[in-house]
Amino acid sequence: MQRVFIMVLDSFGIGAAEDADKFGDRGSDTLGHIAERCERGDANHGRKGPLKLPNLTRLGLAKAAEQSTGRFPAGLDKQAEIVGAYAYASEISSGKDTLSGHWEIAGVPVLFDWGYFPAVENSFPPKLLEALVARAGLPGFLGNCHASGTVILDRLGEEHMRTGKPIFYTSADSVFQLACHEETFGLERLYSLCEIAREILTDGGYNIGRVITRPFVGAKAGQFERTGNRHDLAVPPPSATMLQKLVEEKGGTVVSVGKIADIYAQVGISKKVKATGLDALFDATVREMDAAGENTLVFTNFVDFDSAYGHRRDVAGYAAALELFDRRLPELMSRVQGNDILILTADHGCDPTWHGTDHTREHVPVLIYGPTVNPGFYGHRTTFADIGQTVARYFGLSPMDYGKAIM
């Protein structure tokens, strides 16, 4: 049986990329810096001691990181038996965002420039805001700035609840984000507002990658929490990804777990499974692996590494989440049988020790495991698209335009 399971540890970079200077990210290293803080005893909130990732280390994670940076991650086992193929990959896409990373993984790098809202304050063009207020019948808006999603809720959440004005904000990524209270504003109303914003941005030629709803609950500042009802409206990839080819050329099945379907604008997705939180995402992935038939790709994004810990610069939280993932990893590995292959990778970095709150331009790990996979180092991959090309070859699809098959 031909089956592939891809797990994206969202934001899990393993060292600054060659072009990190262009992004202000030279010296960033998500894994390395987390491991250093753990080794020093500076990440003991909710966990304790050196970083413990025995299963990822056996798949080659630490050795891939050493090849990327020249340094073996602090506290990890140098003597571990390697049971998987490992490599590290550079990104050729123009950005360090979620869409660019995932599309490149699927064989379609973003070689054009996204549109951005670079101004930190008064970030959005008045024409855009006026159109959105008019079409949606809004009493106004709040925010209109770059912000951390949790910080802006504490700053503006109460005023939003009192006035009914949605909170608009952005970041260094190509995104337009809308935060509204699920109860006082309404979830369906927020989704409708998101669709209107997507239409205006697309029709206006702003070239913005994603419009993201950020629903939240809570009664006052300090109590607000974002819920799992986030919804992303992305533009579709500019050409066929290996997901789309699997469905169209082989009649295969692509199962999205988490936010994968949104990232690819639903294109090439056969089934969508929603889950919130690392354990729930793991549980859903295990169920879908058990149910997977011939010519099936199960594709999971573990977003919490990025959204809950990377952007929030929470080193201890990120470390604890990695250790949770590692403890549960054998559940995935034990389900890889026959010709199956399991691929673990990331879409960008988000070093929780780095300045600011944005992503970091880093190499990502490429870890491949399966009964037919020969363990060892498979080099420096010069594009994430090598993953897509590998999957295309595995399923017997037409070749992707970018990337070289790893095996």
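Cβ coordinates are placed from backbone N, Cα and C, and glycine is handled just like the others.
When H355, H359 are compared with the Mn(2+) 2 site residues D306, H311 in Swiss-Prot, the one appearing in that site is H359. For the pair H348 (Mn(2+) 1 binding site) and D306 (Mn(2+) 2 binding site), the Cα-Cα distance reads 9 Å. A gap of 11 Å separates the Cα atoms of H311 (Mn(2+) 2 binding site) and D10 (Mn(2+) 1 binding site). Contacts of D10 (Mn(2+) 1 binding site) defined by a Cβ separation under 8 A and a same-chain sequence distance of 6+ are given as T98, N301, F302, V303, D304, F305, D306, S307, G310, A346, D347, C350, in order along the sequence. Over all protein chains present, the Cβ of H359 (Mn(2+) 2 binding site) has 31 other Cβ atoms lying within 10 Å.
Taking the mean position of the Cβ atoms of D306, H311, H359 as the Mn(2+) 2 site, the remaining residues of that chain whose Cβ falls within 8 Å of it are D10, S11, S307, G310, H348, C350, T357, D358. Counting other Cβ atoms within 10 Å of each Cβ, the binding-site residues D306, D347 show the lowest value at D306.
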